[in-house]
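What TrEMBL says about this one:
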DNA_BIND  2-70  DNA-binding region
DOMAIN    2-70  domain 'HMG box'
REGION    62-81  region 'Disordered'
Amino acid sequence: MGQKDMSAFTKFARQMRVEIVKAQPGISFPKIAKELSRRWQELQEEDKLAYEEMAAADKQEKKNRVLTLKQDTTTSRRKSSENNKLFKPLVVKKYHTVERINIELSDIKDRLKTRNAVDFDDDSPDIIANINEDLSIVKGKSSINVFSCRRLNEAIKLHNNLRNMTIDLKVLEEGIEISKKDLGPLWDVLETLDSSVDVNLQANQLLTRNIISDERITKNGFRIEKHGSLSGNKYTITGVARNIPHFGLGDLKEVLTRISENESCRLMDCRPLGAVDLIRNETVQSLAGQTFTRTDYNIDLYKHWYKGIRKHDEMCPHRRLVAKCIHQSSNDFVKT
């Protein structure tokens, strides 16, 4: 099932759930999900197409609002700039009025639970209805969500690739020397990284080189040689990512910056943007043509994604949501 189908069902479900809750006050989550599934399956194809068109119209309207907002902001800045040239700046005194209100912490927590998202606190989500071979409805502690089996598998594959994939290297004909001036404070980060001896046989001679062995460097598309001298260590980039255009010192600085912020950060948290895009594209290509259908173990995959992966990234490689909320238990949410 594609993006249009999932958007159409989400549009349908968000409308129908209000009718269901009003008609049957106190109805349970599983019954809501099953009723939504039944009504969708009984819907005529032309009606499904109508929901698809409504979802597409909503999406276009949202894009238009964003575009209009950007244009208004640009116009406002231009006028403001022109006014600044014509008039002397006015000194405006600012007064702040503080109004005291009575509110309990529990009220704030309840309001936060009404956000349109999957509830992170639930440890045991359950699939309670299936729409078709791709879409399933899952119940959380305070919400009902619809997820795509295909997107779920793609998102997990992407996550695993970001954690483990080694970027293919090409050897440079002429190495790129790295200086302290190039890196600034990041030079000290480079100095702390582990290195090891690499032995190669070239022209019937054994050549030994000291290279940076930290996987956050080696798996991110770099081969960096380390040379010791009386004046201090010297570093040379002798290999870079094969399939990332203009990959080089700027990308290395991205990696070192992440390490400087957290010296124990994982490989997937140190990926430069060029590497992330490459891994995303290779993940999509590797899954092209594969068919993902509903199976019994999908709930285990969903729990795995739900507990660990979603907080890092809730999108599939195509930058589409894996799951969408269609109902929450809050009365305030139902009325919206």
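Quick reminder: no glycine exception, Cβ is built from N, Cα and C everywhere.
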Residues in the DNA-binding region (2-70) grouped by DSSP into helix, strand and remaining coil: 61 helix, 0 strand, 8 coil
Model confidence over the domain 'HMG box' (2-70) (mean pLDDT, whole number): 78
